[in-house]
Amino acid sequence: MEQIKRIKISVLTIFPGMFDIIRNYGVIKKAIEKKLVEIDILNLRDYTTDKHKVTDKPGYGGENGMVMLAEPFYRFYDEYILSKNHKPYVVLPSPQGEVFNNDLAFELAKKEELVFFCGRYEGIDERVRKIVDKEVSIGDYVLTGGEIPTMVIIETLLRFLPGVIGSKTSVENDSFYNGLLDYSHYTKPQNFRGMQVPEILLSGDHERIRIFRKKDSLLKTILKRPDLFIKKELDEEEKKILVEIIQEMFNKNPDNFKESKDV
């Protein structure tokens, strides 16, 4: 994997206090303390020109609700982004954007500096999109603002920075990293209300455990996210494991594999 260096992230929002949570807890706090990331939360109202610091107006065309003004975003762009020797990469969380996934997170993590524009209300004046490099959607649903999607994107991409997560293997085993769901995890006690930890995980045989986990990961993906499995290019080991899974499923329920005689 390509080496990722330190990154700077700036967030433009009318609710800067919302980001106190992510900066003071978890992996993002650790990344800041280790100086692996610099996160600046900027108040969009500081880039307004009127005494009331207005950031939105009623939309044209008889639209219900308020639309965020283009001017404060452009003022920020002119004063901050155009003053840089390098151009920060501007991201707009939006239902219209590219669907966010691990691959996109990794691409964003490689940027030297990211800037997030957080919309609110009915949305942002369409002309703001002229200064946006990438629109990103975290799913086919609508939130009241771009702050929470921005937090999701930041936490996900920071996991790719060396040193943010204690174990590189932990990141590589995460769901979606290799196109599959994560394998099952267990901790003490070995027997909880009659539910046993699989014996193989207690064996100390690292190779057998590795194969067991890969098999579990494949099976989970097949059963829970067949859409992901269809896209997955299996390596030779995974193909062999898949054959074992099919054989075990056949042995368990052979009737499911009988050809239907219904017309």
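Glycine is no exception: its Cβ is also placed from the backbone N, Cα and C atoms.
Per TrEMBL, the features are:
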- 7-229: domain 'tRNA methyltransferase TRMD/TRM10-type' (DOMAIN)
- Gly119, Ile138, Gly139, Asp140, Tyr141, Val142, Leu143: S-adenosyl-L-methionine binding site (BINDING)
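Pairwise Cα distances among Gly119, Ile138, Gly139, Asp140, Tyr141, Val142, Leu143, which the record gives as the binders of S-adenosyl-L-methionine, peak at 17 Å. If you take the C-beta of Leu143 (S-adenosyl-L-methionine binding site) and look for same-chain residues 6 or more apart in sequence within under 8 angstroms, you find Pro149. Take the binding-site residues Ile138, Val142: by the count of other Cβ atoms within 10 Å of each Cβ, the lowest one is Val142. Least packed by the Cβ count within 10 Å, out of the binding-site residues Gly119, Gly139, Asp140, is Asp140.
Summarised as a single figure, the pLDDT of the domain 'tRNA methyltransferase TRMD/TRM10-type' (7-229) averages 91.
DSSP assigns Leu143 (S-adenosyl-L-methionine binding site) to coil in the three-state reduction, placing it in neither a helix nor a strand. Contacts of Tyr141 (S-adenosyl-L-methionine binding site) defined by a Cβ separation under 8 A and a same-chain sequence distance of 6+ are given as Pro95, in order along the sequence.
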